[in-house]
Amino acid sequence: MSGGAAPALRTAAIVAGGGLAGLALLAGALSLGSNALAILPVLLFGTAALLAWTGRPQWLLVGAVFFTAPIDISKALVPPIAQFYSPGLYLTVGHVALLGLTLLWLARRLLVQRRLPPFGRADAAVLVFLALVWFGALRSPQGGLAIASALSYSLAVLAFYVASHAIDDPADWRMLLRASVAVVLVQAVWVALQFVTKLPLALPGSKSQTGGELRFGGEGFAFRPSGFLEHPNALADHMTLVIPVALALLLLGRRRLPALVWWAALLTLGAAAFQLLLSLSRGGWLSTVAGCLLVIAVYWRRGLVRTRQIAALAALTVVAVAVVIAAYPSILLRLTGGDDRALESRSILNNQALAIIRTAPLAGVGFGAYNRAAYETIAPAFALISPEYQQSLLRLVVHNHYLLLAAELGIPTAAYFALLLLAFLRLPWTVRRWQDPAMYALAIGLIGALLAQLIFLNSDNYYADIRVYLLWLMLGVLRGACRNGRRDEAAGDAEAGASAPVPALPVAAHPARPEPATPRLLPAPRG
């Protein structure tokens with residue numbers, strides 16, 4: 001290290017370590033009511049502050065961000081205790097890890113590299129949407145609770161920005177994948193325990209205190225585990241992000257990936273499918289199937305899988321589904337039996353949302369003000385149901401995120417959000433030649449996960465909660481993977497020269513790659 005860089009690095013370490021220690025104290029102070037929240041963040045960020053002197057703090061914090069992201073242990077900073085419901089502001093363990101990573105990355109970039117934080121077109125497009133959220137919050141009749149809800153949404157957008165730009169080193173990418181795999185596997189064990197005991201087994205600090213019991217009319221009932229999340233549908237949402245990525249890595253084959261990567265993808269796919277099935281989320285099932293079909297279609301068009309391989313995979317899937325239904329008939333009952341009026345409730349809530357939208361189609365009723373508007377605007381469908389049923393529905397928000405955005409922020413903002421997500425589907429095609437097979441598989445898997453999210457948003461009550469946080473974090477990883485692919489492409493072109501272009505990847509007859517002596521979860525870029 002040069003003499004000039006060493007003092008700057010030491011200064012960055014002091015700033016980052018002090019900030020991380022402060023975050024640790026904050027997390028502990030906010031978590032006095034929960035032993036898990038009081039201990040885990042302090043240990044995590046105390047270790048991070050110590051490692052700030054060793055040169056690898058970001059490696060640890062990247063792992064912390066992605067391991068804790070789907071763990072819904074939180075402390076209410078601004079609880080939703082007003083007369084009408086708004087999401088409020090909850091600080092999760094994942095948020096604390098994200099703030100630590102943000103602080104460290106900014107300190108290193110400003111003090112060591114002496115560069116301003118990057119800001120590209122995608123950042124600008126996302127910032128426009130966040131500005132619309134804040135405009136809706138500032139004019140919302142919910143007042144301070146709406147501001148707190150907008151702060152919660154801002155943390156999700158911060159996750160997008162940091163994941164887009166802060167993860168550059170191959171070691172950080174490997175840690176990202178390892179942490180993501182680890183939390184899926186650990187959660188699978190927890191889900192199995194919940195399923196066997198028929199108890200929620202809620203973590204300290206979790207808001208999930210009741211079991212997700214589902215009755216199929218007079219045909220029986222089933223217990224729906226929620227894992228480390230608040231609701232079984234949130235567990236399914238997490239799995240819609242995992243399964244397409246695991247499938248993309250698996251289908252790339254052992255010839256193109258180190259053996260450890262391929263077997264890890266297989267294990268993760270099995271564990272995630274197990275959790276998705278037990279969640280009994282029909283929207284999650286449909287969304288995941290759509291995301292996986294997109295991955296298979298892209299691979300088939302690129303020549304990475306053949307028609308006979310797809311046919312074999314389809315046959316294997318049919319056999320697996322038959323075996324699973326025979327072993328756990330509740331899966332079939334979930335599709336054919338009663339559903340506790342879930343579909344009827346969703347239809348009435350959609351009718352209510354449309355009535356609210358008609359009152360303010362352009363600007364909406366204000367961010368976080370849906371519940372207030374529901375009491376003020378009575379849906380026509382309410383005339384057909386009992387007063388008791390009406391009161392139970394008034395405690396809910398519409399189970400369609402696009403309608404929720406249209407009701408609170410206006411139809412133009414909802415359309416902008418949908419178009420923004422659709423634009424991210426094109427990102428992998430901004431890289432002409434992928435140098436790293438694993439990074440290519442990650443990008444294709446993530447657009448499969450994004451398609452799954454686009455569908456799932458139609459059927460569940462996403463708000464400013466952990467599912468929105470996971471969505472924006474996933475978008476940041478997708479953008480970061482494609483940015484990494486473009487950088488490797490430019491480096492490969494510069495090395496090969498104009499007279500000897502680098503072969504495009506992927507191709508149908510890609511040569512077998514020798515496995516490294518020490519297999520790594522994500523191979524380092526060649527060259």
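Glycine is treated like the rest: Cβ placed from N, Cα and C.
Please treat TrEMBL annotations as automatic predictions, because they have not gone through curation.
Quick look at what TrEMBL annotates:
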COMPBIAS  493-511  compositional bias 'Low complexity'
DOMAIN    270-417  domain 'O-antigen ligase-related'
REGION    490-527  region 'Disordered'
TRANSMEM  12-30  transmembrane segment
TRANSMEM  36-53  transmembrane segment
TRANSMEM  88-107  transmembrane segment
TRANSMEM  119-137  transmembrane segment
TRANSMEM  143-163  transmembrane segment
TRANSMEM  175-196  transmembrane segment
TRANSMEM  235-253  transmembrane segment
TRANSMEM  260-278  transmembrane segment
TRANSMEM  312-331  transmembrane segment
TRANSMEM  402-425  transmembrane segment
TRANSMEM  437-456  transmembrane segment
TRANSMEM  462-478  transmembrane segment
Recorded stretches the transmembrane segment (88-107) and the transmembrane segment (175-196) touching, at least 3 CB pairs under 8 Å: no
In contact by Cβ distance (the transmembrane segment (260-278), the transmembrane segment (175-196); 3 or more pairs under 8 Å): yes
Within-chain partners of the transmembrane segment (437-456) [C-beta distance under 8 Å, separation at least 6 from its ends]: 173, 177, 236-237, 240-249, 251-252, 256-257, 261, 283-284, 286-288, 290-292, 294-295, 298-299, 418, 421-422, 424-425, 427-428, 431, 471, 474-475, 477-478, 481-482, 484-485, 488, 505-506, 510, 513, 522-523, 525
Contact between the transmembrane segment (235-253) and the transmembrane segment (143-163) (at least 3 Cβ pairs under 8 Å, separation 6+): no
Considering the transmembrane segment (462-478), which listed stretch of 119-137, 143-163, 260-278, 402-425 counts the most C-beta pairs under 8 Å: 143-163
DSSP residue counts for the domain 'O-antigen ligase-related' (270-417), split into helix, strand and coil: 113 helix, 0 strand, 35 coil
Mean of pLDDT values spanning the domain 'O-antigen ligase-related' (270-417): 92
